[in-house]
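Scroll down for the structure; my scribbles are underneath it.
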DNA sequence: AGCACGCCGACT
DNA sequence: GTCGGCGTGCTC
């Protein structure tokens with residue numbers, strides 16, 4: 001539908017505030033805007049960036065109308081993006097302005113990059129030549145453009161040398177063109193050496209990318225089967241067609257490893273997009289994506305809201321990863337929204353995982369997605385030999401958590417000069433502290449979960465809400481001194497046990513609360529990769545993406561952990577996590593071993609991992625959910641909850657928010673991904689129920705359901721996402 | 001979501 | 001007598 005846009009006096013504008021409809025703004029006579037134009041508008045006392053909408057605005061008093069201040073000098077968002085905003089708003093029950101806000105996350109990028117002043121050679125030659133001048137002229141020949149201080153530094157001279165040359169007309173002032181954020185990737189840079197399986201799978205994906213148009217392919221291949229190289233074939237095809245490519249990665253996996261693999265294949269790095277990108281870089285990436293200067297973006301979930309002009313392919317790597325879910329403000333699953341974006345814009349979507357989620361498997365089984373499987377590990381990367389250690393038959397020594405079998409294997413591995421990884425998904429020293437005299441258990445005053453002892457810090461922490469207190473000497477209940485006992489293991493405690501068995505081995509603990517933050521963590525990981533540790537004890541952050549080249553033993557301290565928390569996804573999650581962790585071994589070419597300590601070696605999760613028969617596990621899981629009245633998908637009932645005031649409604653929302661994600665099982669409320677929306681009069685709150693809800697919260701919700709809507713104003717809780725109908 | 005306005009408690 | 005807490009309402 002092409003038509004000349006008539007002069008509009010008033011246009012609808014999506015402002016980043018939670019209103020149901022766009023606001024109306026007057027368009028000054030000398031201004032032209034189209035739907036998608038990014039504009040600066042006055043809103044109350046401030047000026048903010050907003051998007052001209054194609055949806056009708058609500059009625060407004062003409063006296064309130066204010067004019068658009070300016071149109072930003074950047075390309076308007078394409079219609080596809082506007083439809084994407086509207087779709088997400090509707091699906092997630094979020095005000096459209098709040099969704100639009102996600103497209104405006106790089107405010108400074110809305111204006112063109114400030115021009116950078118540089119200098120360039122002229123035809124003139126200097127009157128006298130000196131050593132310093134010679135160096136400057138030599139360096140100036142290299143590179144694509146120099147700033148005055150840049151050239152001086154590169155030539156190792158002071159800026160006055162350059163000023164002298166400039167005074168003679170040897171250099172002149174110019175404005176440097178904006179520098180591309182990354183080099184152009186070359187699809188033919190290096191032809192990969194693929195196995196027969198990879199070639200077959202790669203051909204399917206390449207065809208999808210070449211043909212274009214919407215379609216979803218689930219690329220399912222065990223760790224080390226070379227999934228990445230396979231979807232790179234599709235990426236190459238899209239680049240050849242001159243289209244843009246978005247590769248989504250779980251946040252933690254934005255590691256050097258991926259970027260380097262990409263560079264090996266394409267000769268240049270992809271543009272990165274994630275939360276700790278420096279602001280400058282962020283702006284440049286945003287702008288160059290909008291101007292179709294960037295071919296490939298590798299990013300975390302927020303990259304989904306970059307203003308691509310000509311997207312030709314979306315890849316979601318590790319599609320099962322829970323970090324694709326955003327749980328604040330706008331609640332969405334980036335994996336699902338990637339499929340939606342592909343659908344709206346007519347792009348192929350590749351979902352890749354070694355352990356696909358149940359819902360993606362189900363969608364593939366139903367024929368909604370195409371499925372391509374890579375059965376074997378590639379080349380020299382042999383699978384580790386996997387086994388369970390039955391803790392009933394091989395119990396740890398009193399007060400310990402390592403079975404003799406595991407200790408023996410650690411010893412052997414260490415003697416061979418190889419590395420061991422001990423995995424326990426629990427931070428701190430002990431998950432429960434109690435008083436041996438009176439039985440007092442340390443509980444969080446705010447949310448009633450056990451306080452976890454962190455011995456290195458001397459604190460008791462609530463892992464649920466972040467509450468912290470100093471670890472006391474005496475029992476706060478009966479006053480007894482020295483009778484507090486730690487129950488159960490955390491990584492710190494395992495480290496203690498490791499030191500007692502292997503005092504001469506170099507051991508290290510890695511968890512997200514490591515003192516020194518992310519930077520320290522990165523350093524430690526590098527040190528481990530260089531072989532500077534013998535025994536690594538870590539939480540789930542060691543499961544992702546790092547290559548420990550000398551690792552030949554993975555011991556899972558408590559493989560049962562997480563199976564009994566009532567989460568309907570418990571088995572699936574445990575399976576995914578343990579597969580990933582044991583996959584850390586066996587990348588060396590050497591013989592390697594993965595051992596799962598468990599009290600239930602016959603549990604389907606253990607059997608699936610040990611036997612490698614994942615197909616049976618998936619079938620069983622799907623059937624299990626159906627039996628429990630939790631089909632993998634399905635529309636869920638709404639719940640009416642009453643609240644008299646905004647404060648009360650907010651209180652409910654906060655309470656739900658704090659305890660919802662990843663907690664114990666929700667049966668009344670249905671499967672894991674159900675988003676709840678609380679709507680109280682004009683106030684509206686949402687949250688995503690990920691793992692399920694704790695029993696006390698279920699009771700709370702049930703009570704509210706019974707209470708029914710309040711005549712004074714109500715909070716409505718809705719749970720009605722239906723993944724089957726999300727297209 | 002921000003931000004202003006407004007009404008009650010501890011301070012220069 | 002004011003500073004500042006957050007409860008309430010509004011933004012085209």
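Using N, Cα and C of the backbone, Cβ positions are placed for all residues, glycine too.
Because TrEMBL annotations are produced automatically, they should be read as predictions rather than curated entries.
What you are looking at is a predicted structure, and each value in this text was computed from that prediction instead of being measured.
Feature annotation from TrEMBL assigns domain 'Helicase ATP-binding' to A:208-374.
Around the Cβ of residue A:438 (Zn(2+) 1 binding site), 12 further Cβ atoms fall within 10 Å across all displayed protein chains. Residue A:438 (Zn(2+) 1 binding site) falls within neither a helix nor a strand when secondary structure is assigned with DSSP, and so counts as coil. Feature annotation from TrEMBL assigns Zn(2+) 1 binding site to A:435, A:438, A:475, A:478.
According to TrEMBL, the Zn(2+) 2 binding site annotation covers A:444, A:447, A:462, A:465. A simple way to gauge crowding: the CB of residue A:462 (Zn(2+) 2 binding site) has 20 other CB atoms within 10 angstroms, across all the protein chains here.
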Zn(2+) 1 site shell beyond A:435, A:438, A:475, A:478, criterion: Cβ within 8 Å of Cβ centroid: A:436, A:437, A:439, A:440, A:476, A:477, A:479, A:480, A:483
Sparsest-packed of the listed binding-site residues (A:435, A:478) - C-beta count within 10 angstroms: A:478
Between residue A:462 (Zn(2+) 2 binding site) and residue A:478 (Zn(2+) 1 binding site), the C-alpha gap once rounded to whole angstrom: 22
Which same-chain residues, if any, lie at least 6 apart from residue A:475 (Zn(2+) 1 binding site) yet have Cβ under 8 Å of it: A:435, A:437, A:438, A:440, A:483, A:484
